[in-house]
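Visitor: Got a structure here, written out as structure tokens. Questions coming.
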Amino acid sequence: MANKIEGFNFEQRHGKDRVRVARVWKNKEGRHFMVEWSVSISLLSDCLPAYVSDDNSDIVATDTMKNTVYVKAKECAEQLSVEAFSIELAKHFTSYYKQVTTAIVKIVEKPWERVNVDGHPHEHGFKLGSEKHTAEAVVKKSGALQLTSGIEGLALLKTTKSGFEGFIRDEYTTLPETQERMLATEVTAVLRYSYESLSSIPQNPHYFTERYLEVKKILVDTFFGPTKEGVYSPSVQSTLYQMARAVLSRIPDMSSVQLKMPNLHFLPVNISTKDTQIVKFDDDVYLPTSEPHGTIEASLSRFWSKM
Ligand SMILES: O=c1[nH]c(=O)c2[nH]c(=O)[nH]c2[nH]1
């Protein structure tokens, strides 16, 4: 919210970060379903008097925002996607309070997965997986919507079919060219949907979960290639582009993909004394590192996208 006050420009928003909620649903057959979410809410609202004249009468208390998360979780009779819940909450704040013009709700889902015991899915047992599903809904009073889904911490590694050659060589360069190296990364993806209003989104409560799983599969399959022969990566940049392109070409209702793919280096190990070599690297012993690491990121969007 931009305002002019006493000759200054003033922008403000308020909200509640990291409201943690877990929700369990039980079906008639005795199977339990659960999610754990960390919800962050930010409201753009007409509440200038609270800042400039000590009048809180237009303020939605952040404590109320926190309570609303639990009330809305209770009201969800069936399991729903993290996207659908973020839209539900954002819609509530913009429609319930006349002061609120825009609500931004971001949720990070903890990756609880049903366990298998002796090859059978457990009715009420879950274990923590790795990568996280995120969603952000920005909803305006008019019903205008911006929706993104995300993947955080998708760690991928392949032990061959990767190289890096032909880069700039100058008096600062020591990195040898190679057609054989390890390639490891931890993908962060932000996926923007093309829906622009609340009334245009798919009503199936699992729709966005299905798309999320589909995107994850496309990213992973493109990174690795076919199971036996794999696919050669001439750089992280090239692999990133192939991954982003595959998502946009196969998911029609996504308008843009932003990928961050750090290059997590595995350094060849060579150890020698002044007389002998104790360990000679033969694409076998590596020193895994996390610092420093390369940072490679890009976003790909359709021409008609508003991003
Ligand atoms: O795939 C890579 N891209 C780079 O930009 C880069 N830079 C570097 O040192 N190694 C690599 N690898």
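From the backbone N, Cα and C atoms, a Cβ is placed for every residue, glycine too.
TrEMBL lists LYS16, THR62, HIS265 with the feature active site, charge relay system. Taken from TrEMBL, the feature 5-hydroxyisourate binding site applies to THR62, ASP63, PHE164, ARG181, VAL236, GLN237, ASN263. The feature O2 binding site is assigned by TrEMBL to THR62, ASN263. Annotation comment: TrEMBL describes THR62, ASP63, PHE164, ARG181, VAL236, GLN237, ASN263 as urate binding site.
Describe the structural context of each listed feature in the structure shown, including burial, neighbouring residues and relevant distances.
Guide: The Cβ of LYS16 (active site, charge relay system) lies under 8 Å from the Cβ of VAL39, SER40, ILE41, THR62, ASP63, MET65, LYS66, each of these being in the same chain and 6 or more residues away along the sequence. Following the DSSP three-state reduction, the secondary structure of LYS16 (active site, charge relay system) is strand.
THR62 (active site, charge relay system) falls within a helical segment according to DSSP. Its Cβ taken as reference, THR62 (active site, charge relay system) is surrounded by 14 other Cβ atoms within 10 Å in the chains shown.
Counting every protein chain shown, 18 other Cβ atoms lie within 10 Å of the Cβ of HIS265 (active site, charge relay system).
Secondary structure at PHE164 (5-hydroxyisourate binding site), taken from DSSP and collapsed to helix, strand or coil, is strand. Neighbour density for PHE164 (5-hydroxyisourate binding site): within 10 A of its CB lie 20 other CB atoms from the protein chains shown.
Every protein chain considered, the tally of other Cβ atoms within 10 Å of the Cβ of ARG181 (5-hydroxyisourate binding site) stands at 21. According to DSSP, ARG181 (5-hydroxyisourate binding site) is assigned to coil rather than to any helix or strand.
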Visitor: Taking only the recorded positions LYS16, THR62, ASP63, ARG181, HIS265, which have a CB closer than 6 angstroms to any atom that belongs to ligand 1?
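Guide: The recorded positions passing the 6 Å Cβ test: none.
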Visitor: In angstrom units, rounded to an integer, how far apart are the Cα atoms of PHE164 (5-hydroxyisourate binding site) and HIS265 (active site, charge relay system)?
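Guide: That comes out at 12 Å between the alpha carbons.
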Visitor: Going along the chain, which residues six or more apart from GLN237 (5-hydroxyisourate binding site) have their CB under 8 A from its CB?
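Guide: Looking at Cβ-Cβ distances below 8 Å from GLN237 (5-hydroxyisourate binding site), excluding near sequence neighbours, one finds ILE296, ALA298.
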Visitor: Measuring Cα to Cα, tell me the gap between VAL236 (5-hydroxyisourate binding site) and HIS265 (active site, charge relay system) in whole angstrom.
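Guide: Taking the Cα atoms only, VAL236 (5-hydroxyisourate binding site) lies 11 Å from HIS265 (active site, charge relay system).
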Visitor: Over all pairs in THR62, ASP63, PHE164, ARG181, VAL236, GLN237, ASN263, the listed urate binding residues, work out the largest Cα-Cα distance in Å.
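Guide: The span, Cα to Cα at its widest, is 52 Å.
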Visitor: Under 8 Å between C-beta atoms and at least six apart in sequence, can you list the same-chain neighbours of ASN263 (5-hydroxyisourate binding site), or say none if there are none?
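Guide: Listed in sequence order: LEU183, ALA184, THR185, VAL236, HIS293, GLY294, THR295, ILE296.
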